[in-house]
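Student: This structure is in structure tokens; I'll ask about it shortly.
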């Protein structure tokens, strides 16, 4: 019983300690939550105060920077530039960095395409010709560098000769001139996009309902989506701030190079737009939208301009509303305007800039001609005639003088220039016949450039003809060397065949020697067998001789004994003694022969 009570007491103490620890943890966590909430509230108040100061300063700058009505035509561009710089808001650092990195390759490609469109067609044609010609020597130099080196001095000398022959000096100079003229023509055009203007002097809004723009789709919760393309402060696009995926798709009046957009919210009892995203496309409906930029608007009830870092050609825009200021129930948007340049305006701007360039060239040519006339008046008539001949030759030879000459002839004819006539009207648009006249003048300039190209190509053909002749001579020398190498290779092949034949003969001789050696070994074995037989016979003969010798010795001893003892007994019988004597003599004779 006592043990059970002690266990219950211990359990109660443990449960009390755990509950006390939990209560302390909850108290600490609640205090931290309240502290963090207070810090967040103070930071939001400070941010809203800073945004309000920025909005006031921006409003003051806009009110001070409004131009007068009398100077609208002269100062409209400067005021728009200052207003764009003052009211344009940069995107968030994280989003902008990602967007800039993602659009770096596309911006480079679009800039190169715009440069090629703005450059004169004559320069483009010449540039293509020069680039196609430059590729040949570069490929030749690469092939020469990849060849197997023999002697260092010979290879370096041949490479230098080939480079000097393949790259004439005139080609590089012409290419540098073309690139310089291209840079000069692009210096005033690529820096910025000049917006299309209306006849009244205002910027042309491609997202206006009066121009034909439409709102194609929006999210289900949105109401009054078509109000943002009508400039009416009492109408607006309304969305509950709690909804996600708020968007609006707008069809522009024309296919446009969009450069700037303007948004505004004039409704006081609503939350202002903060972060938004702009997408574009040329075809609708589509699954792939081109990202144009992410922006952050100020918390203010005024119009705000946003300029794209990389303008692109689009027909449909999609506005994604990402976040908002404040804590109102509705998020509204009163205005959306789009500014840029359409394809026709872009082409006319290029033509006007090219025409200005030609006028400057004509003025420079006139000044040079006046200076030359004053210098010629001081000199004698004979020198004047000689110099005039030389100048005519130089003008016929140089392509730039030919172009200036043709332009001066066009000026003397005093053809009407539709570009100059309509350039003084900034808000007007050229009719179709004036565009055709401009295109005809463009075709004439292209004809002049083609004649220049023909003369240049003739000179290049002569130079390259000489180079090709030298290359033919070198090729003939190389062919002779190749023929000698072929003969040497054939001799080497014959020698190889002879060595193969000798090797075959050596193999046959070796086979013969091997067969003879085999025969000799067989005979040797036979001789060994015969010698063994002879040795065996000799051994047998020796044994036989020993046996005969022993027998003869035995019979000899018997005969001696018989003769010695029988002489006294058998004296009377003479015939018996003679037989033993003969036996003794024959045995001694045999022993003597065997002893030899």
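Glycine is treated like the rest: Cβ placed from N, Cα and C.
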Student: When Swiss-Prot marks a stretch as region 'Disordered', which of 321-365, 366-410, 411-455, 456-500 is it?
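Tutor: Of the candidate stretches, Swiss-Prot labels 366-410 as region 'Disordered'.
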Student: Quick test of your reading of Swiss-Prot: among 58-98, 181-221, where does it put region 'Disordered'?
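Tutor: Comparing 58-98, 181-221 with Swiss-Prot, region 'Disordered' matches 58-98.
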Student: When you get a sec, could you say which of 524-544, 545-565 is annotated transmembrane segment by Swiss-Prot?
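Tutor: My reading of Swiss-Prot: the transmembrane segment range is 545-565.
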Student: If I go by Swiss-Prot, the feature region 'Disordered' sits on one of 119-138, 139-158, 159-178, 239-258. Which?
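Tutor: That would be 139-158, the stretch labelled region 'Disordered' in Swiss-Prot.
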Student: Have a look at 28-48, 259-279 and point to the one annotated transmembrane segment in Swiss-Prot.
Tutor: 28-48
